């Protein structure tokens, strides 16, 4: 409801004593001491009408209670490190993503600290990832009323998959499709076929809702760090070899980077869903 509509609800009491437009109201009062017209009577004196009450301003809390649907939402990139949305923010639209999580342990963070120290010598603005996973889908958008059937379909397709081991130990550099962000990741070198099978079923769910499927030749990986912009060539030329040497020489890196995939997760807006593998 807009402010104009609220202002329009004024009281009709202030006009109850006014004359009718057709002249049926009381005529003008005669001057003091004047004789009334023949057949008439001396007019009655009426107290003057009180001045109209001032209209009170409408509180902001009321004006903001019903925002206009066309009012856009400003996307403040300062709140998320300068990252740019791949699709515009819109009410009723929920960003959705499907992945296999990697639960990092203390030794993994020790390795990550070494890698970040080396990589920041080339690119100081690199930001360390806070959570780790292997993606099974692109980021897509769902209408709110699609979330429940989407999740139910995804759950039914994940129900027949068994847990499996995979290894992610090859350092690689990636960019997103829009070339607005660059990532350093550990590529999966064992378990690729099992991930392809999972993606095949996730893609079927995406197709049910006319959403984008995953990349045709995916490079499954665990992202470690990111920065804004396309600096892929810079990192490949100056950092990758040194980072790979750190991974290869890190004590117990082999068992540390051999991971058991035990569940698939999905996030839609602020809702999280988990699908355990058999």
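Here, residue 1 is simply the first one shown, and the rest follow in order.
Cβ atoms here come from the backbone N, Cα and C positions, even for glycine.
Remember, TrEMBL labels are computer predictions, not curated facts.
Look at TrEMBL and you will find 1-61 tagged as region 'Disordered'.
For 8-18, the entry in TrEMBL reads compositional bias 'Low complexity'.
The compositional bias 'Pro residues' feature in TrEMBL is assigned to 47-57.
Under 8 Å, Cβ to Cβ, and six or more positions away along its own chain, residue 133 (active site, proton donor/acceptor) finds 99, 100, 101, 102, 222, 223, 265. Residues or ranges marked as active site, proton donor/acceptor by TrEMBL: 133 (among others).
Annotated active site, proton donor/acceptor per TrEMBL: 221 (among others), in sequence order. Using a 10 Å radius centred on the Cβ of residue 221 (active site, proton donor/acceptor) and all shown protein chains, the other Cβ atoms total 21.
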